[in-house]
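Asker: Structure incoming, see below.
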Amino acid sequence: MQAAPTPVGGRTVLLIVCGGIAAYKTLELIRLLTRAGLRVRTVLTAAGKQFVTPLSLQALTGEKVYEDLFSLTDENEMGHIALSRSGDLLVVCPATADIMARMAAGLADDLASTLLLATDKPVLIAPAMNVRMWDHAATQANLATLRARGVMVVGPEIGLMACNETGPGRLAEPPAIAEAIFRHLAEPAIPGPLAGRHALVTAGPTHEPIDPVRYLANRSSGRQGYEVAQALAALGARVTLVSGPVDLPPPTGVTLHRVETARQMLAACRDALPCDIAVCAAAVADWHVAAEATRKIKKTAGALPPALTLVPNPDILADLSTPGPNRPALVVGFAAETDTVEQHAAAKRLAKGCDWIVANDVRPETGIMGGMENEIILITGDGAEQWPRMGKQDVATHLAERIAAFFTPDFSSGRSIS
Ligand code: C5P
């Protein structure tokens, strides 16, 4: 479990548990929150009660569990308006398609929906549902409405679900939800130049399946992207990190979405919008296999090896850079080049439509790809800047500071790059 980034103890979370197979994971979430010193009050919907019992919630929180809108006892103890404002944060977990629709429509026909309508506190939801329900235009419209009203969203993750379908819809893991809660509650304690900004970072390679056991990949370690995510969070940004398969611990205070393929990475990035900043540090595979075999491809003695037909992957950087209402104010791409680095990178900046390019020389003799150090040229609309060779963490820190200065021209860390 990740530690809370700054002390959050003594604060109260009002946790609304809705009906869904994933509701059992809420028990683990409560343990993570109470261990960090948070007080957790729970509200259990009628459907939620089919999956977890009031007794489990009461045992883990040490608090009364609220269930009914019209309970005289509850009204004597605390009215629903007071209850809705009694926490520092309202969390809906799991957030079903149904509660999202009712929140978006402003319904108030049970205790949970009434609290969500009456509250003056921030709200965070952790959606979980079948992939088709998640992808449905109605759910996506409700999600956009809720986001536009300032509701924070963690997940869902992409993966195999209880219904045996695969795709986005699986509840984010409890540590990721806890991190988002800690992050929000800690925010006032760490006002940085990027406080109130949402940054999206991609990192790592992608794996493009050939069959259930084989895939196409590259040597990216993900280190530079993870450092950038951490550095942006340290300056106060709310950070969503969309990562391909890597062997790195999740950065503290960052919401992490793990994906495998480029197509999943694009979907997770689009889900994370709107954001103010996008930094695409992932080494996205350029192609995927046209027809992924559903069974392991057998080698047959004497037969020719199978021919793989490759088709281009979506370009996530170009997609995020496309002008439109959701385009981040600042989009930063990376360019790994092996010759005429600056010219190629400058051309890439224009071709992809991004604002800045962080270019590096990845000839094997530089040791940059997969290594701890980096030597970059930052290309902006104003020209190119060569930075000296430094650790990837320092590159990330300086880049985050440059990003902060883009939004707050007065911002200066007082540190020089050389
Ligand atoms: O085209 P190239 O791979 O050289 O571009 C590198 C930049 O574009 C990086 O920022 C990388 O994260 C991004 N990219 C992407 N989606 C792709 C290919 C590259 O976001 N399919």
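Keep in mind that glycine also has a Cβ here, set from the backbone N, Cα and C atoms.
As the structure is a computational prediction, the values presented were derived from the model and not from experiment.
The annotation active site, proton donor is assigned in TrEMBL to C163. For D286, K296, P314, D315, I316, L317, F334, K348, K352, the entry in TrEMBL reads CTP binding site. The domain 'Flavoprotein' annotation in TrEMBL covers 12-184. What TrEMBL lists as domain 'DNA/pantothenate metabolism flavoprotein C-terminal' is 194-405. Positions annotated as region 'Phosphopantothenoylcysteine decarboxylase' by TrEMBL: 1-198. Residues or ranges marked as region 'Phosphopantothenate--cysteine ligase' in TrEMBL: 199-418.
Have a look at these and tell me how they're positioned relative to everything else.
Answerer: Within 10 Å of the C-beta of C163 (active site, proton donor) we count 13 further C-beta atoms, all protein chains included. Classification of C163 (active site, proton donor) by DSSP places it in coil, neither helical nor stranded.
In the three-state DSSP scheme, D286 (CTP binding site) falls into the coil class. Around D286 (CTP binding site), the same-chain residues six or more apart in sequence whose CB sits under 8 Å from its CB are P312, N313, listed in sequence order.
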Asker: Among C163, I316, F334, please name the recorded positions whose Cβ is nearer than 6 Å to ligand 1.
Answerer: I316, F334
Asker: C-alpha of C163 (active site, proton donor) to C-alpha of F334 (CTP binding site): distance in Å?
Answerer: 38
